[in-house]
C-alpha cells in the first residue's frame, strides 16, 4: 500500500487506520515512512500521534490475564458502543478495530489533548514559550493551548492585559477575543476584552497589529499610539490616534487638526463634542496632555483656538 493523501482531504477513518497500524507495528515500510514524514511536518501531528498512542494503551491495556484477553476487551468496548454481537478478531485485523474505535473516541481525546491549556489569571506576569510577556490585570484570564510554540502562537484573552510580543513575521502572534482576533508581528500593546457585551479595546504602544472582526468581515492595522474600540452597541471599529499611554490618558498632538483631536477625545473620555463653527475643525493643534480631565482639555483647546467651550452635561460639550 502506498499512502497518498491530499492536504486537508484525508478522511478521519483513513488517517486513524494508518496511524493505528503504525502504533501497533502493523504498518509496512512505505506506510511507516509516510507517517514519519507526516509527523515531522507539524508539531500538532506529533501531539495527535502521541494522544492516539495513549488512547490505545488505555483501551487495549491487558488485565491480569493474558494478551489474548485484550481482544476480548475490544469486544466488550464495542458491545457498549453497539448492541450488535462482536466476534473476536485475529491480530491482523486489530488496526481496523482500533481505527474504528478511534473514529468514535479519538476526536474527544484529541480535543482534550489539543486544547488542554495553561491558564494564567491576573494579576500576573506570564512569560510564554516563545519569550513573549503578558502582564494581566486582576480580572484578566489568558488561555494558552498545549500546542503553543514558536510556529503556532495563538492565545485567548478575557479582561485586560499588556503584551510584549517577540517579533516573527513568518509566525504572527494571534489573540482570540470573542468573534475578533488581534494579529501581531512584534510589538507592545494592550488588549481589553469583556465578553459580557463583546467590548474590545486595543491600544498599540509600539509596533503594528492587525485587528480582524470575522463577523463584520472587517480588519484594520493599528500603529504606534492608535486605539481601537468596539462593542455590541457599536459593532463597527472606532479608531483614534495620538495616544501614548491609554491608562494615564497621555495624549500628544503635533500639528493635528481639531477634527482628529476631538475624535481621540471622544474615544478616550467617552464624551461627545459638538462644534457649531465647522471652520474650527481644520485648525491645527499643538498640545500634550497627561491625566487631565475632559473639562481641562476642552477649556485649553478653546483658549488656544479662540473659541468658547460650553459644558452641556457630564458627557457632552459644545465648542463655538
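Placement of Cβ uses the backbone N, Cα and C atoms for every residue, glycine included.
Where the annotation comes from TrEMBL, it is an automatic prediction and has not been curated.
Lifted from TrEMBL, the feature list:
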- 127-209: domain 'FecR protein' (DOMAIN)
- 251-316: domain 'Protein FecR C-terminal' (DOMAIN)
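In the domain 'FecR protein' (127-209), the DSSP tally of helix, strand and coil residues is 0 helix, 48 strand, 35 coil. Sorting the domain 'Protein FecR C-terminal' (251-316) by DSSP state (H, G, I as helix; E, B as strand; all else coil) yields 29 helix, 24 strand, 13 coil.
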